[in-house]
Amino acid sequence: MPFRILSLDGGGIRGAFGAAFLAEIEERCECPLAEYFDLIAGTSTGSIIALAIASGLKASEVVTLYEEHGHDIFHPRPRFVPQNWTKMVYPLVRFIFQRRTGSDIDDFFRSLYCPQALEYAFESTFGDLRMQDLRDSRVIVPSVNLSRGKVHVFRTPHLPGVGDAADLRLVDILLAATAAPTYFPHKMMPDGDAYCDGGVWANNPAVIAVAEAVKIRDYYRCPEDTAPVDLSDVHVLSIGTGDLRYELTPPGSDAGSLFWARHIADVMGTSQVQGSQLPLDFILGNRYVTINFPLEDPSWTLDAVDQIDNFLQLGREKANRLSEFVCDQFLDRPTDRFVPCSEAEHRTAPVSAASRQ
């Protein structure tokens, strides 16, 4: 029986592309997406779409979230004002710094955006829903535990020993998962630790989703079966947030911080996504399907909220061309519903698709 994964990349406001694509697919195929995927993985903006779909929202409602809250979320902060004598010379320092580097020195002292609008958007969409309330599909959301210096994955309680996020509010998980360094401040979670955006290590979460599929398959098979877990029927639909093809020639042999500060995010982000795609192309072949669009304009940044209509239109156009293929490959039959489990529970088969009716 196929094991189907929906993977959603990080990419800020460009996540509107994926939301629009899925909304069009959902409407054309007339099926709730969560019931057709065994696992949904989402990084950063992708985690918003992932948790929304898994909580029973339509993809069109996620489109509405981007449209109604995007401009407030990425609204510039007021100018930074020092609280000591330096406020007298700070405007001149800001002017000189901007002329020399093309950057705003304010960004050295605080994140670009306030998290209040982001939190309001999540509160109004998800309310008090918790990870343990999700029943239609398993979900994983990568993040980083800054306090402990290690990567972290928030999960629905679909495997023993991984239910530490079960009682967490979706709002808190999303604030941690979307806390992109320099864009938003880190999130202090109920455990007292600070978390940030998982895009710094898993902007394309497809690889960790396939690894999770191996764990799930291994858990549900017979204990005496010791053969390697079969991946021949694992299928991945990976939704990107723009394919950046940069060309970068450092100025001389000693390019320093001022040069790399403007380019390191693009280099690392693009390389990380490409590095995820290479092994999946090799392992899964044509069972790894990527939906993406070229980033033709350098102004289409993570916070390019003025381009949201373009991203939405690109998603709809892509769905118009690929809806029949996606429906045939990924939405031909509902998947089995997972059974939440805990350390004390024994292996049980997932609830069959027929019993959901």
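Think of each number as a place in line: the chain as shown, counted from 1.
Each Cβ is built from the backbone N, Cα and C atoms, and glycine gets one as well.
Those TrEMBL annotations? Automatic predictions, nothing curated.
These numbers come from a predicted model, not from an experiment.
According to TrEMBL, the features are:
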ACT_SITE  Ser44  active site, nucleophile
ACT_SITE  Asp197  active site, proton acceptor
DOMAIN    6-210  domain 'PNPLA'
MOTIF     10-15  motif 'GXGXXG'
MOTIF     42-46  motif 'GXSXG'
10 Å Cβ neighbour count around Asp197 (active site, proton acceptor)? 27
How big is the Cα-to-Cα gap, in Å, between the residue listed as 'active site, proton acceptor' and Ser44 (active site, nucleophile)? 6
Which number gives the other C-beta atoms within 10 angstroms of the C-beta of the residue listed as 'active site, nucleophile', all protein chains shown included? 31
May I ask you to report the DSSP-based helix, strand or coil state of Asp197 (active site, proton acceptor)? strand
Please state whether DSSP places the residue listed as 'active site, nucleophile' in a helix, a strand or coil. coil
Looking only at the domain 'PNPLA' (6-210), what is the mean pLDDT? 88
